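Per Swiss-Prot, the features are:
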type	residues	note
ACT_SITE	Ser83	active site, acyl-ester intermediate
BINDING	Lys247, Thr248, Gly249	substrate binding site
SIGNAL	1-35	signal peptide
Amino acid sequence: MLARRRFLQFSGAAVASSLALPLLARAAGKTAASAPTDAALTAATDFAALEKAVRGRFGVTLLDTASGRRIGHRQDERFPMCSTFKSVLAATVLSQAERQPALLDTRVPVRDADLLSHAPVTRRHAGKDMTVRDLCRATIITSDNTAANLLFGVVGGPPAVTAFLRSIGDAVSRTDRLEPELNSFAKGDPRDTTTPAAMAATLQRVVLGEVLQLASRQQLADWLIDNETGDACLRAGLGKLWRVRDKTGSNGEDARNDIAVLWPVAGGAPWVLTAYLQAGAISYEQRATVLAQVGRIADRLIG
């Protein structure tokens, strides 16, 4: 409760730019001693300083689901979703399955022509078929791109996912193309983008809200907690006080993202953390280190 009170006090106040802390040393693994209140006072400026240190563009939202308050950096700017869209794609499938009970067990052919370069699960099933349920699991847990495209075919294409987003109150996020084209991004092009704030609200709705039935929410949460691609990202910076359900995304060029629902092990309301990074001046592995640092900043504030 102390951490949540600190967060509420901080998120309702403006933070002057003079409070910014240099984050370059911290990103390399060093820490600075600070009182609990210091963590609250410096979180937003820490995010901005981290962005400056990596010479990129960085958006983050930390949402307290108990109060609706949030803090972050560039929360309302558009970023390419990359594979973080797959959480919403799976939610779209689950929503349709609530009206079509046999959908998750429907078998979908996996053709050689369907296979993309990142197809760790579907490649093993080429020439055979997979259930929609197994395709969802593959695209969330291993970020299998072929599975994602096959699921687009199941639900009605990218426009159907955007329609689902609009139906649950997300007027910002959108899916327009298939893998791998959806990963390309140019400034001013809204295709296949979201904002940190919009995705935080959407993740809250589909995992914690009532837009999906309880069984569907539990299924989505189970897939997210089994995710195999996020250990070096937000999870790496969050302490053992949290059970993390997340979905990562990257484009292999400059973007690396991670979105997560954080459940306190000790109980209490969850938090949602979304982080979108564009930093072409650093390596793929270094981008993961930046996301881990975001986890540390969040953990310092709410842990």
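Cβ coordinates come from backbone N, Cα and C, glycine included.
Secondary structure at Gly249 (substrate binding site), taken from DSSP and collapsed to helix, strand or coil, is strand. Close to the recorded substrate site, the chain also has Cys82, Ser83, Thr84, Lys86, Ser87, Ser143, Asn227, Thr229, Gly230, Asp246, Ser250, Asn257, Asp258, Ile259: residues not among Lys247, Thr248, Gly249 whose Cβ is within 8 Å of the site's Cβ mean position. Summary for the binding-site residues Lys247, Thr248, Gly249: the Cβ-based neighbour count within 10 Å is maximal at Lys247.
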